[in-house]
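The structure appears below as structure tokens.
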Ligand SMILES: Nc1ncnc2c1ncn2[C@@H]1O[C@H](COP(=O)(O)OP(=O)(O)OP(=O)(O)O)[C@@H](O)[C@H]1O
Ligand SMILES: [Mg+2]
């Protein structure tokens, strides 16, 4: 069986704006896949192509083995979507919207709906115009999570949720994972991605710049090392070691950054000069993203 | 007081900047339309004597008076030159003034842009004041330019002034009413419903006052739409009616400020009610959703059509009374029509005019579909198993069946009122077909808007309303302007058999239905293949 989402070389322009410029993305069955990138990178555009709302200009996009543009009705029975900007009908109640969306998809799990309403602490009798931003978000989340969809597409689903509700959301995504369903999660909240995702893809300006598990991505970055040495060598000697960068020598104190793959060799080289104190810091996820977003 | 107005000037400039196309198009469009129509009429009939007696009679007939208002002075060519445009222009001006106010008040609030503005150094009353100021300036500019235009083409100066004053009275009144409606309703659509509903009711009230027999004289003064008639430009020249408009605007503005003081940003005066926790059985599919969204508007318009029909039916008798005058009856008989047919002429004229209003409902329904898309609701629905074709078809169904219901209600109202007044028009068998025969042309207008949504979605409103305005101008003024026949043939209403004056005919009916269906199909095909958003 093919992967739920397979995208290669996807292109999409709006007039002269190039939104997707040869994007690649593969999401495997049963994984929670983080989808990251700076503002305007093309995350929402990608998701909207997958939903058949936008027609791609070029490249390949396969959703659950089908064509997202032509096989709409059949594919959409198997997916659920939470948009980044949840716009609801102002004169319908939250409960009506949840039921409507479920019926349009082809069925509702009533017990799960009621459970979700309780856990998200959402009053379904309010008109949508009277909901706060976070509560509108919850309506869309309850509608998506109460379905039995095998693939869930979330575009910044927790923007606007309070920490308590964010927690409820994470618990539900964990449940989805144990049920073997698949999630594509676009998010700017790094802690959320770190806590939930099995793999992540980082895109910039419509192209994929990194893709892999968090552990794999960490290996692409550098560990910072600060040490006090008994017999400090010259800065040039240290800089000559493979995988060492940004050496600063201040008396007996040395700071440097080392490629995570070479950290063992660097530490033993330092050991030869008599380590008195040592602080070694693995890269934070934030540094990882900053590096991918900026360069 | 002044603190609550801080920022008005800045906001007014912002409004003018945002409306730099709408304002000149509105002002110059209405002005050019009125002045050039007067000029064309004067060129055709430089003196009253040269005017065909039949034309004067037709403009003096109750059906024409109900639509256009009375002729202020049948002996003055200037008065005859503006009779067709005066009432029509007043209504356009009322819509123009209301649209400017709504755009910069309730619509802004609904779209959340007020929140950004309101957080700046802006007094509580500033946005409303700025909107009213811009709308007032636009209305007055239109009136002034039109008055100057009339004088410039050699029409009587006092009369030109009175024509401008009459329009200003009606236009300013609707600026004020729109300001109040923007506070009462909590949505832009609600504001539209209130103001346009008021326009319909006040127009009918004026029609009854102008054309009805045995109605008290003061009734004509009650409706702000009637103030344009009461100015009697190129007749009694009552320029002072403009004070009525200024007065009503001032009262409305105070009322709107008072309402503004009591309500929250983004809310109306009516508190939000709770609703049901589960969707009812009808809210199950795309059709259920489209109907739910269009329900209140469809019901409102249908009731309006029924009332319109009742007015047409009840005016029928006084229309016929006028022809009891042996001299007029004789004249018309000589012109080739039998008196027996006069009721048919009356019926077909009125129904033809109101059918265009039913088409306006059809356009607003298609625009709701477009608004669903721009507001991000379509995205939610299309992310489910609903296909684009089914989604489009459901909105189309509401537009087509809704217009059918409207036209039927129009006929029904006419039949009911006429039956109670003696059956001048000839009963349901004659009236209902005469109403329903307009339906294919109405559907054609819907089709134009649907084709626009499929292929030029950003221009849906401009194309939908533009086409309707074009059809209306062609139908009402094509003859005056001497438009070429091919241009007139573009309007679907040109081809409708004027039942019951003319007999029913299959070819135009089938052709119009086919064109409407073709436009709808083309539109849906376009909607299926384009990006959503
Ligand atoms: N309908 C549209 N018309 C024109 N340009 C668009 C349209 N939709 C998106 N774009 C452009 O495409 C690019 C990608 O936008 P997209 O919404 O996919 O970004 P994103 O990654 O979701 O950003 P964010 O993190 O801010 O949500 C942006 O440059 C945006 O301006
Ligand atoms: Mg986005």
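Just so you know, glycine gets a Cβ as well, placed from its N, Cα and C.
Segment annotation: TrEMBL labels transmembrane segment over residues B:130-153 (candidates B:130-153, B:274-297). Proximity of distant same-chain residues to the transmembrane segment (B:298-316), defined by a Cβ-Cβ separation under 8 Å and at least 6 residues beyond the stretch ends, is recorded for 62-63, 66, 193, 197, 200-201, 204, 207-208, 211-212, 343, 346-347, 350-351, 354, 357-358, 361, 365, 398, 402, 405-407, 409-421, 424-425, 435.
Proximity of distant same-chain residues to the transmembrane segment (B:79-101), defined by a Cβ-Cβ separation under 8 Å and at least 6 residues beyond the stretch ends, is recorded for 15, 19, 22-23, 26, 30, 33-34, 37-39, 41-42, 45, 48, 51, 55-56, 59, 67-69, 71-73, 131-132, 134-136, 138-139, 142-143, 146, 150, 155, 159, 163, 166-167, 170-175, 177-179, 182, 195-196, 199, 203, 224-225, 228-229, 233-235, 476-477, 480. Here the listed stretches are B:159-182, B:194-219, B:239-260, B:396-417, B:463-483, and the one with the most C-beta pairs under 8 angstroms to the transmembrane segment (B:503-527) is B:396-417.
Within its own chain, the transmembrane segment (B:159-182) has Cβ neighbours under 8 Å at 76, 78-79, 82, 86, 89-90, 93-98, 100-102, 105-106, 128, 131-132, 135-136, 139-140, 142-144, 146-148, 150-151, 190-191, 194-195, 198-199, 224-225, 227-246, 248-253, 255-256, 259, counting only residues six or more beyond its boundaries.
Taking Cβ pairs closer than 8 Å, the transmembrane segment (B:194-219) reaches residues 62-63, 65-67, 69-70, 91, 94-95, 98, 102, 174, 177-178, 181, 184-185, 225-226, 229, 300, 304, 307-308, 311, 314-315, 317-319, 321 in its own chain, all 6 or more past its ends.
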